[in-house]
Amino acid sequence: MRVRGIERNCQNLWKWGIMLLGILMTCSNADNLWVTVYYGVPVWKEATTTLFCASDAKSYKTEAHNIWATHACVPTDPNPQEIELENVTENFNMWRNNMVEQMHEDIISLWDQSLKPCVKLTPLCVTLNCIDEVMENVTMKNNNVTEEIRMKNCSFNITTVVRDKTKQVHALFYRLDIVPIDNDNSTNSTNYRLINCNTSAITQACPKVSFEPIPIHYCAPAGFAILKCRDKRFNGTGPCTNVSTVQCTHGIRPVVSTQLLLNGSLAEEEIIIRSENLTNNAKIIIVQLNESVAINCTRPYRNIRQRTSIGLGQALYTTKTRSIIGQAYCNISKNEWNKTLQQVAIKLGNLLNKTTIIFKPSSGGDPEITTHSFNCGGEFFYCNTSGLFNSTWDISKSEWANSTESDDKPITLQCRIKQIINMWQGVGKAMYAPPIEGQINCSSNITGLLLTRDGGTNNSSNETFRPGGGDMRDNWRSELYKYKVVKIEPLGVAPTRAKRRVVEREKRAIGLGAMFLGFLGAAGSTMGARSLTLTVQARQLLSGIVQQQNNLLRAIEAQQHLLQLTVWGIKQLQARILAVERYLKDQQLLGIWGCSGKLICTTTVPWNSSWSNRSLNDIWQNMTWMEWEREIDNYTGLIYRLIEESQTQQEKNEQELLELDKWASLWNWFNITQWLWYIKIFIMIVGGLIGLRIVFAVLSLVNRVRQGYSPLSFQTLLPAPRGPDRPEGIEEEGGERGRDRSIRLVNGFSALIWDDLRNLCLFSYHRLRDLILIAARIVELLGRRGWEALKYLWNLLQYWSRELKNSASSLLDTIAIAVAEGTDRVIEIVRRACRAVLHIPTRIRQGLERLLL
C-alpha cells in the first residue's frame, strides 16, 4: 500500500511538472523578439550627392549661347510636389551646406566653359598710344551732377594674317581699363597698356554670349531628397519644426553682384538677418528683405562697335565711336529705400542691443567691392553706393539722426562701365566684355543686402555697418539657406515577435522599393501607425526612377550634336548612374537577406536587448522611424551581418533539403538510374564490415596470444560445448563445467563473408526488433500518460467548475440572506419609529394623568 501511495504521488508530481514546463515554455516563447526587416520606411540621413538641374530656359530666350547653358537642363515639373512632414524636427545649417559649394563650382564651370572657345587677348598686350577723347562734361539726368566721361582714343599695332606684317588700328577704351606704362600717372603720359596684362590671362567674351540669368532648379536624384524648412522666421541655423520634402528647389537666378542682392526671394513676414556669428565682425551679414526695392539702370549713350582682326580667325571688338548723351546711372526710390533701411536698422539694433545704427560706404578695396557691381544688358556696371549707405538711425527716438528729405526724389547712383573685368571665380583670370551697341536699360529688384560690421572694442551704443560682398557663395547661400540634401534609407530593422519558421521554395517576385519622395510624408507617424502603407510606397520607386531617367535621357539627347557636354550634361549622367546604383544596392541587400519582393521580412536572428532595451509597445506606439533609426544606428552594421549569416545558413539547410527531393517519390527508389548507386553503397557497406571484422579478429588473436594461447594456424579450432553423454574433461585433469568445445576460427574467404553477412543480418534483426519494441513501449506509455493527463485535466476542470458554481451559489445565498436580514432590520426600525410616533399622544396623556394624580 505504501508503494502504491508513493507511485500515485510521483504520478501527480509528474503531471504537475509537465504542466509547469509547458507554461514556462509558452511564457518564454512569448517574450522572445526577433529581427524583422522593413523595406520602405521613411528614414533619411544627411548626405552629399551630385545634383542636376531643371530649367525652362527655352521659354525665356532662344539664345543658344547663354552663359548659364541651361538648355541642357531637364524641363521643370509643371506640377511640383511638396509633401509636408508632420511631427518632424530637422537641423539646418546654411553655412555648412554642400549645395552652396556645388552651385558655386557649377557656376564657375559654366563661366569657364562658355568663355573657352572665345578669343584670348594675349596679342593685345602691347603698347597703346592714347590721347583723350574729345568729350564734353555732361549733366546726369534727375541729379544735376556734372561728371567728365573719361575715354581714351588709342592706337596700336597688331599682327595681320601675314605674321611678319603689322598694321595700326584705333579703338576707344575706358580710362579704368588701361594704365600708364611704368606706373607713370602724369596727365601728359601717352603710353598705356591693358590693366590686367601683367597679372591675368584675358579672354574676350564671345560676341553672341548672353549674361541674362535664367532660374535654375537644383534637383536630387532618385534615392535622395531635398528637405525644405518652411519656418517663416528661420535664421538659417538650428532646428526647424516646419519641414517639407521636395524634389527640386525653387528657381534660383545666378545673379553675380556685390553689396546688393538682386532678383532673389523675399521673406514672407519680417526682415530676416542671417549671420554665422553676428558678434564676429569678420563674418558677412546677409539681410533678406520682406519687400523689394526697384532699381532701374540706364546707359543712355549709344556705342558703335567695330571688328578688328588680330590674327588668323581671331577678332577684337572695340568701340569705334559713340554719341554722347549722358553717363550711366541707376535710380532708386528714396522713400522705399529709407523705409527698408529703417526696418533693417531696427532689426540690427534689437539683435545687437544697440540704440544707434550707422550706415557708411565701403571702406575701400577693389572696385568690385567698393561699388555695386553687376551686369546690365551685357555691360558690367560699377555703381557708387555712397548715396545709399550714408545715414544714422536712432532706435530710441525711432527717427533718422541726420533727418533726410521726405520727398520722393529718386536716389541716383553714378555708375562706371568696365570692359576688362576681374573674374570672381579666382585670381589670375580676367575677361574682356565687348561693347554693346545701342542704348541699354535694365530693371531689377533689390531683395537683400550684404553687410559687414566695423570691428573694435567699442562698448558704446553705436554700431556701424558697411556694404560688402565679393564671395559669390553668399549670393547662392541667400537662396539655398532653407534646403538640405538627405539620403533615403528605405531599409529598416525592428524587433517583433514573428520568426521565420519555414524555408519557402517557391519563386520569389521581383521587388520594387520605396518612393524616394512620396513616402517621406509618413516620417512623423509612429512605427505602428496605420498610415504607413508600405505597399503603396514600394510601388513608386522604380516608376519614379524610370520617369526621371527618361527626362534625363531626353535632355542628354538634345546635346548630342555638341562635341562636348556642358557641366549640366555631366551631372545628368552622374545622377542617372547614381539612381540605378542606389536601387541595385538596396535590392542586393534584400536578396542577400532572402527578402526579395517582401516589404516585411521576418528573420531567425534574435533581438539583443543591448541594441535597445525598450519594450515592444514603446517602440511601435511612441517612436517614429527616424527616432528609432538614430537609437540603433551604431548597431545597424552588426544586425545586417547577423541577418546575412543567418540567411547563408538557411540557404545551406535549404540546399540539403532540396537534395532529398529525389527520394520524395517511392517510384524513384526503384529507378534503374539509381541501381548502380545502390550497388556502390552496398559494396562500400560490405567492404567496411569485412574490414572491420578482420581488424577485430586480428585484435582478438593478439589478445589471446598475450594471454598465453598460441594457435597453430588459422584453422585452430575454438572450444565448443560438449554433449550431455560426454564426460567433462579427462581423468587426470578433470573437466570444467560449462566449457565450450572448439570450433574453427575461419574456414576460407567465402565462409568468412558468409559468417559476417549472417551475423550482420541477425544483429540488425535483433536490434531493430528491440528498437521497435522500445518505441512501441514508449508510445504506449506516452499515450497512457497523455490520456491520464487529459482525464486529469478534464476532472480538474470539472472540479473547479463545480467549485466555482458552488462558490457562486454560496455567494448569491449569502448576499440574499444579508439583504433579507438587512431589509427585515430596516422594516423593524421603521415600524418601531412609526409606533413610537403613534404612541406620543398616549404617552402625553399618561404623563398628564400622573401629574394630576
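Backbone N, Cα and C atoms are what each Cβ position is placed from, and that goes for glycine too.
Per Swiss-Prot, the cysteine from Cys219, Cys240 that shares a disulfide bond with Cys229 is Cys240. Checked against Swiss-Prot, the range among 66-98, 297-329, 726-758 recorded as region 'V3' is 297-329.
For Cys130, the partner cysteine in a disulfide bond according to Swiss-Prot, taken from Cys118, Cys154, Cys197, is Cys154. As a summary of secondary structure, the region 'V5' (460-468) carries 0 helix, 6 strand, 3 coil according to DSSP.
In this structure, Asn634 is the one among the glycosylation sites Asn157, Asn634 with the smallest number of other Cβ atoms inside 10 Å of its Cβ.
Listed by sequence, the residues of this chain that lie at least six past the ends of the coiled coil (630-664) yet keep a Cβ under 8 A from its Cβ atoms are 35, 37, 493, 500, 503, 505, 589, 592-594, 603-605, 611-612, 614, 623.
Sequence-distant contacts of the region 'CD4-binding loop' (362-372), counting only residues of its own chain at least 6 positions beyond either end whose CB sits under 8 Å from a CB of the stretch, comprise 176, 257-260, 330, 381-385, 389, 413, 416, 418, 422, 424, 466-470. Applying an 8 A CB threshold to same-chain residues 6+ apart, the list for Asn441 (N-linked glycosylation site) reads Asn296, Cys297, Thr298, Arg299, Gly377. With respect to Asn263 (N-linked glycosylation site), the closest of these glycosylation sites in Cα terms is Asn384, chosen from Asn157, Asn384, Asn390, Asn462, Asn634. Over all protein chains present, the Cβ of Asn331 (N-linked glycosylation site) has 19 other Cβ atoms lying within 10 Å.
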